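Engineer: Before anything else, here's the structure in question.
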Amino acid sequence: MKSILICMALFVPYGITIPVAPKNTTPGIGDVKFLEVYLDKFFPTYHKSALSLEDRIREMQKFFHLNVTGKMDEETMATAKKPRCGMPDTPSYHKAGYVSRWRSNVLTYRITNYTPDLPRAKVDEVIAKAFKVWSDVTPLMFRRTHRRADIEIGFARGAHGDSGPFDGRGGVLAHAYFPGPGIGGDAHFDDSEYWSEVNREVNLFLVAAHEFGHSLGLEHSNVAGALMFPTYSYQNPKTFKLPSDDRRRIQRLYGQRK
């Protein structure tokens, strides 16, 4: 029997192809739910009921410079699953012309706890360097304190006392709050991530510099390559230079360094 099968295989004419079942590209229920939650969190709107899911997907696709299809295609889903900041991409109060900034150019910060991934002295150094990104181009000055500060910095997992519980490794890396009383200005980092000072897992300097942009009043930018772009991508901290889009926007709030 084996020899007969081999002979049959040898005499199959060239050009005949065996049909292959097409790849199923229809999004499953889990994908639909995931994207709905993603859009609710990062593209909030006053009138969700007035917008179809396709309309909301288009809004996201335009922001990230994707093909605007209104469909849950692979490119869109891949973007939605990238590690990123937990702050919205289109805050509702942005549409109302709301601007948030500190009234003083001298701001205090306090590190309330540490990640076990790095030595404490290294975390202190990285945080100071991340603030320097912004003080180098504005009149802002940042002073560390061990008392209650304008900007409280901490590492946490899951629910941690605010409205934005962390989701474990991957997904949301950190979030920060715009200037204001109470929790305003504070920056929280998901300690489920592995934080590093190099190109391994998640670089603390890059994420901290981004979050402190929020602490100072900046919203996300849709300019690819900007520090305030929502999704994480590695750059060498040793050669990092604040992109022009971020510099222009922070100087619009606080002016240029003299």
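We number each residue from 1, going along the chain as drawn.
Quick reminder: no glycine exception, Cβ is built from N, Cα and C everywhere.
From TrEMBL, for reference:
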SIGNAL    1-17  signal peptide
BINDING   Cys85, His210, His214, His220, Met228  Zn(2+) 2 binding site
DOMAIN    100-256  domain 'Peptidase metallopeptidase'
BINDING   Asp117, Asp191, Glu193  Ca(2+) 1 binding site
BINDING   Asp150, Gly184, Asp186  Ca(2+) 2 binding site
BINDING   His160, Asp162, His175, His188  Zn(2+) 1 binding site
BINDING   Asp167, Gly168, Asp190, Glu193  Ca(2+) 3 binding site
ACT_SITE  Glu211  active site
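Just tell me what is around each of these and how deep it sits.
Structural biologist: Same-chain residues at least 6 positions away in sequence with a Cβ under 8 Å from that of His210 (Zn(2+) 2 binding site) are, in sequence order, Cys85, Ala174, Leu227, Met228.
DSSP classifies Asp117 (Ca(2+) 1 binding site) as coil under the three-state reduction.
Around Asp186 (Ca(2+) 2 binding site), the C-beta neighbours below 8 angstroms that are at least 6 residues distant in the chain are Ile151, Glu152, Ile153, Gly154, Ala176, Tyr177, Ser215.
Following the DSSP three-state reduction, the secondary structure of His160 (Zn(2+) 1 binding site) is coil.
Asp190 (Ca(2+) 3 binding site) has a Cβ environment of 27 other Cβ atoms inside 10 Å.
Glu211 (active site) falls within a helix when secondary structure is assigned with DSSP.
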Engineer: Once Asp167, Gly168, Asp190, Glu193 are set aside, which residues in the chain still have Cβ within 8 Å of the Cβ centroid of the Ca(2+) 3 site?
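Structural biologist: So the extra residues in range turn out to be Arg157, Phe166, Arg169, Gly170, Gly171, Val172, Leu173, Asp191, Ser192.
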Engineer: Starting from Glu193 (Ca(2+) 1 binding site), work out which of the recorded positions listed here (Asp150, His160, Asp162, Glu211, His220) have their Cα within 10 Å, and give them in sequence order.
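Structural biologist: Neighbours among recorded positions: none.
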Engineer: Using a 10 Å cut-off, grab the number of neighbouring Cβ atoms around the Cβ of Cys85 (Zn(2+) 2 binding site), all chains included.
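Structural biologist: The Cβ of Cys85 (Zn(2+) 2 binding site) has 23 Cβ neighbours within 10 Å.
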Engineer: Which number gives the other C-beta atoms within 10 angstroms of the C-beta of His220 (Zn(2+) 2 binding site), all protein chains shown included?
Structural biologist: 23
